[in-house]
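Features of the protein shown, as given by TrEMBL:
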{"type": "BINDING", "residues": "B:Cys547, B:Cys550, B:Cys553, B:Cys587", "note": "[4Fe-4S] cluster 1 binding site"}
{"type": "BINDING", "residues": "B:Cys558, B:Cys575, B:Cys580, B:Cys583", "note": "[4Fe-4S] cluster 2 binding site"}
{"type": "DOMAIN", "residues": "B:566-597", "note": "domain '4Fe-4S ferredoxin-type'"}
Amino acid sequence: MKKFGILIVGVGGQGVILASNILCDAAMAAGYDVKKTDTLGMAQRGGSVVSHLRFDKEVSSPLIPQGQTDLIIAFEKLEAARYMEYLGKQTKAVINDMAMPPASISLGIAEYPSDAEILEGYKQMGIKADFIAANQAVKELGNAKMLNIYLLGYAASYLPFDHEILAGAIKKRLPPKLLEGNLKAFAAGYAASR
Amino acid sequence: MKKLLSGNEALALGAYNAGLKLAAAYPGTPSTEIMENLARFPDINTQWSSNEAVAVEVATGASYTGVRALAAMKHVGLNVAADAFMAASTTGVKGGLVIVVADDPGIHSSQNEQDTRHYARLSKMPVLEPSNSQEAYDFMALAFELSEHFDTPVILRSTTRVSHSSSLVETSAEKQPAAQAAFKHDTAKLVMVPTAARVRWPKVLKREELIGEYAENCPCNQYIPGNAKLGIISSGIAFQYAKEVFPEASFLKLGMTYPLPKNLIKEFSQSVETIFVVEELDSVLEDSLCRMGISVIGKKYIPRSGELNPDIIWAAAIKAGILPEIKDTLPKINTPDFPKRPPLLCAGCPHTGIFFTLSTLGQRSALPGKPKREPKLVLSGDIGCYTLGAYPPLSAMDTCGCMGGSISQAVGMEKAGLGEPVIAIIGDSTFMHSGINGLINAVYNQSKITILILDNRTTAMTGHQGNPGCGIAANGQTVTEVNLEELVRGAGIKNLQVLPAFDLKALRNGLKNAISSGELNVIIVRGECNVICRKRSLPNTIDTSLCNRCDACLLLGCPAIQRDGDKLFIDPGLCTGSNCNLCSQVCPQKAIKTNEAA
């Protein structure tokens, strides 16, 4: 297999880091060499968060070179657009159809971009993105905190290993009392992608 | 056993398995997690020191008793510790002493960018540079061995991308036993009065030579044979990026970048046609090679500033003519300039109220449609969460340079004859770190400034570590709190107020009184960091029938207050309710309702 690069992007507090840790565990369980790195800006106070994750027989750089992202999971729409330079023609995109406007937008200094603007780069690259209403879905499942696991479930079908391996990694990372709900969220996400 | 570890986790585990007895650190991104992970081992004595100089002194003292000790900090922390660091180099060690310094190329979370390798030349200490978590783990054991064998402290230099990336590590199941502390009197080595130091320093210079000879065969310096046309000399994370870009090239990967293995480098340089030096930040390796008369290319094409990545090296190689232009380039994507998402003070942050007060008193923010005014009050800032008060809409900070500098800089402005009131703003942890020095100086020199100590009972910016004022030790145990009020009074402050962080009226009155008194004043603004105390009540709500969209509440910069089309609303997931209530105090229409928990 060629190196597989996953970019997970979102806003501080959405559970991006936990999601990428779980994906790492899964890739490791699937027998790959794994490297990952998170960029948090100044700590984690509501800023833009990006996690690079790569696996292969052997990985050198933890940062994904431009164009070599195979899968992007965006927890927020604007963040989906911010890291466009890493995308390539082969990229599969899972985008949570939800806007978290930065403070500059509430203050009227800036405008939140339209979906068309957000997707312009994807269009130029020929990437068909899956827009999914993940917040609504986890709300119906009863816990907004399961957003990251739902999104992992949705993205599981784009991975080069079985989704059961990812479910196994979730079981290992999460405390027992949160497990049942999250596994349900994972299954719901996976079902929604098929 | 194989584990997925971050560089910082691997450094901690490596030190533990090498028989570490004591570790001291001041938190600082990207180094913080080293101590956090060490503190999980009950058999290591761990401490958050009040600053980095103290951390190095504590670790040096432990080393003098024959045990293995470690001090950890970020690059700017080494500036604070420089005196203690040079002293440790001069005396050398008894038990192994490792000083871990994490640099921050790209300035992800710092006030500047600096290359710690320069300190190696100054101190004659060896530097080890891991390039992934496995090496972070392995080099730690090596560092302790070198330290004891050559009687020197060893610098273990990491960077953000090594500290904060995770990769697989083969760990050893065995742990070396820690030595028992015992002190052997040795004044010629440990008491650096001039007569002793004059004898000691030539030994340090000799030591440097010996380590250089050792470096020739050190397993951490690796020759990786490849194509004879191109030879890459690199270290740290830059090596991993270069490996990605030049899979076929020959590599000399330096795990020890000071002192250098000169013969190894000469041999390598003779075995390849072109040498490309790939290093992050300054041209430390390149300059050394040039001094050796070896012709290389490097910083002419690779930037001296910022974090490297494979793409930058790729572009540099094309420019240098080493790699051909790629034909099948990706389409150049044109995208609009998207709105930035800078970090913000959290919803329910105890710093918001005082910054809002400073902002309104200082005329820094204006309601939409109202003209901007010339700011009043000079706000001398410092380093911590509260530095985020510099961002709009609060915009309430005029300086920020180094840890603990706010009070001294404010005194400087006042003494220079500045007509406006000067206010120094510092957090509790930064005050304990080195701000107290400025306070003592302000008292002694009869300054007339107002000093705000924003006491949120933790070191929040780096992830809520303990400090002397909050009474939580590195291992989580409750310990004696240093009483801030008594400390401030003990320094000679007569005018001291302690104000509640979420009471805007009290903050405004207290601040006005302090400024108008024209005397030296300290105000402690106290309110717990909401991220750790998690005090919250039912979220506030905006009665849209009363709201006239004056937008006064938006001037707080609270992330919970958001806009949906023309209407404002409060995100119930973020709002901490009546534990904060700043927005309802600000709203002139009384449109923001508090919903006390039943």
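For all residues, glycine too, the Cβ spot is worked out from N, Cα and C.
Structure coloured by features recorded in TrEMBL.
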| residue | record | DSSP (3 states) |
| --- | --- | --- |
| B:Cys547 | [4Fe-4S] cluster 1 binding site | coil |
| B:Cys553 | [4Fe-4S] cluster 1 binding site | helix |
| B:Cys558 | [4Fe-4S] cluster 2 binding site | coil |
| B:Cys575 | [4Fe-4S] cluster 2 binding site | coil |
| B:Cys580 | [4Fe-4S] cluster 2 binding site | coil |
| B:Cys587 | [4Fe-4S] cluster 1 binding site | coil |
Which ones are near B:Cys553 ([4Fe-4S] cluster 1 binding site): of the binding-site residues B:Cys575, B:Cys580, B:Cys583, which have a Cα within 10 Å?
B:Cys583
Using Cβ-Cβ distances, find the residues under 8 Å from B:Cys558 ([4Fe-4S] cluster 2 binding site) that belong to the same chain and are at least 6 apart in sequence, listing them in sequence order.
B:Leu345, B:Ala347, B:Thr352, B:Leu582, B:Cys583
Which ones in the same chain are close to B:Cys550 ([4Fe-4S] cluster 1 binding site), with CB under 8 Å and 6+ residues apart in sequence?
B:Leu367, B:Pro588, B:Gln589
Sort out the sequence-distant neighbours of B:Cys580 ([4Fe-4S] cluster 2 binding site) for me: same chain, 6+ apart, CB within less than 8 Å of its CB, listed by position.
B:Ala347, B:Gly348, B:Thr352, B:Phe502, B:Asn530
Across the domain '4Fe-4S ferredoxin-type' (B:566-597), what is the average pLDDT of the model, as a whole number?
92
Shell of the [4Fe-4S] cluster 2 site beyond B:Cys558, B:Cys575, B:Cys580, B:Cys583, same chain only (C-beta within 8 angstroms of their C-beta centre):
B:Ala347, B:Gly348, B:Thr352, B:Asn540, B:Leu556, B:Ala560, B:Ile561, B:Ile570, B:Leu574, B:Thr576, B:Gly577, B:Asn581, B:Leu582
Count the Cβ atoms, other than its own, that fall within 10 Å of the Cβ of B:Cys575 ([4Fe-4S] cluster 2 binding site), considering every protein chain shown.
25
Rounded to the nearest angstrom, how far is the Cα of B:Cys575 ([4Fe-4S] cluster 2 binding site) from the Cα of B:Cys547 ([4Fe-4S] cluster 1 binding site)?
18
Using Cβ-Cβ distances, find the residues under 8 Å from B:Cys587 ([4Fe-4S] cluster 1 binding site) that belong to the same chain and are at least 6 apart in sequence, listing them in sequence order.
B:Cys547, B:Ala552, B:Cys553
Work through the binding-site residues one by one (B:Cys547, B:Cys553, B:Cys583) and point out the residue whose CB has the fewest other CB atoms within 10 angstroms.
B:Cys547
Can you list, in sequence order, the residues of the same chain other than B:Cys547, B:Cys550, B:Cys553, B:Cys587 whose CB lies within 8 Å of the CB centroid of the [4Fe-4S] cluster 1 site?
B:Ile542, B:Asn548, B:Arg549, B:Asp551, B:Ala552, B:Leu568, B:Cys583, B:Val586, B:Pro588, B:Gln589, B:Ala591, B:Ile592
